[in-house]
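J.: Before I ask anything, here is the structure I am working with.
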Amino acid sequence: MTLASIRRGYHVIKTLLQYGLDDVLPPKMTPWYFKLARNSLFWIRNKHKNKPGGERLKLAMQELGPVYIKLGQMLSTRRDLLSDEWASELAMLQDKVPPFDGALARQAIEAELKAPIESLFDDFNEIPLASASISQVHTATLKSNGKDVVLKVLRPNVETKIQADLQLMSQTAKLIEYLLGEGNRLRPAEVIEDYRVTILGELNLKLEALNAVKLRNNFLDSDALYVPYVYEEFCYPRLMVMERIYGISVSDIAALKAQGTNFKLLAERGVELFFTQVFRDNFFHADMHPGNIFISRDHPENPYYIGLDCGIMGTLSEVDKRYLAENFLAFFNRDYHRIAQLYIESGWVSEKTDLQAFEQAIKVVCEPMFNKPLDEISFGHVLLELFRTARHFDIVVQPQLVLLEKTLLYIEGLGRQLYPQLDLWQTAKPFLEQWMADQVGPKAMFKKVSTKLPYWADKLPEFPELIYDNLKLGRKLLSSQQQMLDKYLKYQQQAHKSNYLLITSAVLLICGTLLINRDATLWTPYVCLVSGIILWFVGWRSRPKNRKF
């Protein structure tokens, strides 16, 4: 551990103690030596005693900077780990930091381009359009076509700082698992590992550019979503150049109302976009908070979304997609037995789980929701409660499903903010039913067979030889099995004969011994003894030697 990491660790602990977060630790994590270290090395007074624990954690993470802010945002979606109060507080964390110097941004951009900015762009503005914890955005005009673009560039040394904080987080998580018995259930090390994968993905702007290109191609003919054009020739790990868009932030409800936006259509399109990305494309935007979503200014009666920041994208396996769709449909039909079966069949919960107990737990959670009108039932919270219930049955955490849950909560919250009467169930159910029909119906079967036809056409000439080889192998197996059976029968015969002789010899020996002690004819006991010895010798020698068949 370097001096810098020790210094950073001290600063993190000091900040957490300033907000009195040691007060919320369970007794298992505060033994006498912890209290001794707390009072001797960290004589910091808790200045926020009157504030709730969730608010104190939010303020501490805000002060600790970008890595902790993003961790807090991720944890806000893990209500299976945190209470609702704490999760709601963390959801309010904003990834807003002061911009870094425009001259440094210019230097970083030119290092990636290996050319002066003015040779490729006009009107480069050193004052950033937006600034976040990992990167900031500058505007310019492309020399080649005169179109407005934005240049997204990583902050200087951001990778080093993030790696150092991640290492510290990982060590802390392992310590928590060691000190706290419940740590194994909460799996803090696993949570930090999921976070590490997510945030390191955001540090590669070339990867983000490729994600944006793929998402754009998926919705080229869509009336619901527009993804700005990416200039791939100017994209590098630390730099991304894309078309500049002019929209209204989805959180600016007043501006959307002023232009006469059709909120009902906009909300329904948001739901359809989510399910299309997940079930049709298997490639969904997993960071759809209001800062990344804008609404078109043209045609407010027929509005569409503009999606930015494709650094975090999610995918599901075909198995996960099918089980998820069936899960939702089973919930629509209040089929709790099927929901429990699906969790076990999918491998999300151990196959050793008590199915009836799990079904009952799901029913206890879900049944009260049906006392509300359908348009008041939260789709995201249904999924959340199901995973929280499954947690008590040792659910295996699926990172891709955590991303899905987070995205669904964002989309649903956004849809109801735009149009409070949004009936998400009515919008989603036909889509899911149609998708399931497409997956298991005759057309789907024909499609799956047709995709395999080239493979089988290539293998068809080999069939006669394969059939002949299998028949030949079958004959060999039959012959081998017959030989084994013959050997086994021979062994059994020898064993029976040997056992018969040994038992007879034992009887003769016992009789001879008993007769010697009685007034029997002189020669009778000795004949029995000699005969018994001879039979024992013959029986012993006739035992089968080889037990391998």
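Just so you know, glycine gets a Cβ as well, placed from its N, Cα and C.
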J.: Going by the ATP site in Swiss-Prot, where L129, A130, S131, A132, S133, I134, S135, Q136, V137 are listed, which of the candidates K114, K152, K161 is also part of it?
T.: K152
J.: In Swiss-Prot, which of 328-348, 496-516 is labelled transmembrane segment?
T.: 496-516
J.: Within 10 Å of the Cβ of D287 (active site, proton acceptor), how many other Cβ atoms can you find? Include all protein chains, please.
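T.: Result for D287 (active site, proton acceptor): 22 neighbouring Cβ atoms inside 10 Å.
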J.: Which of the listed binding-site residues (S131, S133) has the least company, meaning the fewest other Cβ atoms within 10 Å of its Cβ?
T.: S131
J.: I'd like the number of other C-beta atoms within 10 A of the C-beta of V137 (ATP binding site), please.
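T.: Total other Cβ atoms inside 10 Å, all chains included: 20.
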J.: Which whole number is the mean pLDDT over the domain 'Protein kinase' (123-501)?
T.: 81
J.: Which is it, of L129, S135: the one of these binding-site residues whose Cβ has the most other Cβ atoms within 10 Å?
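T.: Output for this query is S135.
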J.: How big is the gap, in Å, between the Cα of S135 (ATP binding site) and that of D287 (active site, proton acceptor), rounded to a whole number?
T.: 15
J.: Over the residue list L129, A130, S131, A132, S133, I134, S135, Q136, V137, K152, recorded for ATP, what is the maximum interresidue Cα distance in Å?
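T.: Largest pairwise Cα separation, rounded: 14 Å.
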